[in-house]
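Visitor: Copying in the features that TrEMBL gives for the protein in this structure:
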- 3-93: domain 'Acylphosphatase-like' (DOMAIN)
- R18: active site (ACT_SITE)
- N36: active site (ACT_SITE)
Amino acid sequence: MISCDFEVFGKVQGVYFRKYTLEKAHQLLLTGWCSNTPNGTVRGQLEGDEQSVRSMVQWLKNEGSPASIIEKCQVSDFITINERYFKDFSIIK
């Protein structure tokens, strides 16, 4: 299993980006969280098997919610983990 942090830039607030991120994370059986930031981005953390995390990163970079306009997605701190820290994927408000 791996974990990583992400931050998505562009038109990602007010377009249900977090809701769609939650649904995609559940579909891929990922745990972690996402949250709006004061500077208009969405950031979060992902945990799960490597293939699912990498699929989610591609979704964050290229797809997102239908109304979003993704300018860039920064992903950092890819690390191998032995067990999950989070029990589910959640939206932090």
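Keep in mind that glycine also has a Cβ here, set from the backbone N, Cα and C atoms.
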Visitor: Looking only at C-alpha atoms, tell me how far N36 (active site) is from R18 (active site), rounded to the nearest Å.
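Guide: Cα-Cα, rounded: 8 Å.
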Visitor: Would you mind splitting the domain 'Acylphosphatase-like' (3-93) into helix, strand and coil residue counts from DSSP?
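Guide: Looking at the domain 'Acylphosphatase-like' (3-93) with DSSP, the answer is 24 helix, 38 strand, 29 coil.
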Visitor: Measuring CB to CB from R18 (active site), give everything in the same chain under 8 Å that is also at least six residues away in sequence.
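Guide: In sequence order, C34, S35, N36, V42, I91 meet the Cβ cut-off.
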